[in-house]
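**Q** There's a structure below that I have some questions on.
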Amino acid sequence: MGGMNDLSSTPAPEGDRPARQRKPDWIRVKAPVSKGYHETRKLMRELNLNTVCEEAACPNIGECWTKKHATVMILGDVCTRACAFCNVKTGMPRIVDPMEPENTAIAAAKMGLQHIVITSVDRDDLPDGGAGQFVKVIEALRRETPDTTIEILTPDFRGKMRAAVEAICEAGPDVYNHNLETVPRLYPTIRPGARYYASLRLLEEVKSHDPMIFTKSGIMLGLGEQRLEVHQVMDDMRSADVDFITMGQYLQPTPKHAKVEDFVTPKAFDAFGAIARAKGFLQVASSPLTRSSYHAGDDFAEMRAAREAKLAKERERAQG
């Protein structure tokens, strides 16, 4: 946990800034300038909604917002934790906005979204960790845009996990995402406020409560992890029956965040993706610019089709 009065996105003083690595050509993206980008930004401002696209300085924001895709970040824009990789502000959060669920549904309707991703900051200050707000958002979306599929990306609800997962699963999201973020060895420095095996248990709990909810998890590469450690994370996810794995390049948001140890090549990402598919994931996204919600709608459609094909084969064998 960071100091409650510090903001994690505040730059370090000039003299304290270490040299930053130059990004390779495959990691560079165009600056966002399109009409669609500005329309999406304007709508989010009008509805007083936060997006992880902006708060986490996502490199894909130009592409996604041009297509009017956005990941809404609920429960405010201040996190109660201070992970070494994350650009979201940390400190004492504000009161939860009661209009957030309705405004999220309005945004989804105005943007004509077929698939929406909802995430949040950590809210260790709330009795339920913020689970109730996830439920309200899902319910508002079901009322206002019943044909929109819903993907949620939640924190670990430390100390409140079981009740939180049960409440959210009862609300019926289509995809439940919770990121492991990195390999277990790096948790003390990269994700000190969380526990690797607690996050795995959360993913298991989702499947235990409702096996038909797709589960998804992701890790960042380039933080100093070893190849075999990544393979082990894949195995751990499959043991928890995770359907979809995402793997992307870690990018240092500011000089005070964890440094990039390695820029993993596109070829290496392809190799990790092939290994993940061989391990039985229904869906795999593995590339330098892959992020949790990047192409989420298309990926969901492919994952659903893959499960339907798998179930059809199982029925054929059972009848055979």
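Every residue gets a Cβ built from N, Cα and C, even glycine.
If you look up Swiss-Prot, you'll see CYS53, CYS58, CYS64, SER293 marked as [4Fe-4S] cluster 1 binding site, on the strength of sequence analysis. Annotation source Swiss-Prot lists [4Fe-4S] cluster 2 binding site at CYS79, CYS83, CYS86. The compositional bias 'Polar residues' annotation in Swiss-Prot covers 1-11. Feature annotation from Swiss-Prot assigns compositional bias 'Basic and acidic residues' to 14-24. Per Swiss-Prot, the feature domain 'Radical SAM core' maps to 65-282; the stated evidence is sequence analysis. As annotated by Swiss-Prot, region 'Disordered' applies to 1-24.
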**Q** Using a 10 Å cut-off, grab the number of neighbouring Cβ atoms around the Cβ of SER293 ([4Fe-4S] cluster 1 binding site), all chains included.
**A** 28
**Q** If you average the pLDDT over the domain 'Radical SAM core' (65-282), what number do you get?
**A** 94
**Q** Closest of the binding-site residues to SER293 ([4Fe-4S] cluster 1 binding site), Cα to Cα, picking from CYS79, CYS83, CYS86?
**A** CYS86
**Q** Please report the number of other Cβ atoms within 10 Å of the Cβ of CYS79 ([4Fe-4S] cluster 2 binding site).
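**A** Total other Cβ atoms inside 10 Å, all chains included: 25.
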**Q** CB neighbours of CYS86 ([4Fe-4S] cluster 2 binding site) within 10 A?
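**A** Total other Cβ atoms inside 10 Å, all chains included: 24.
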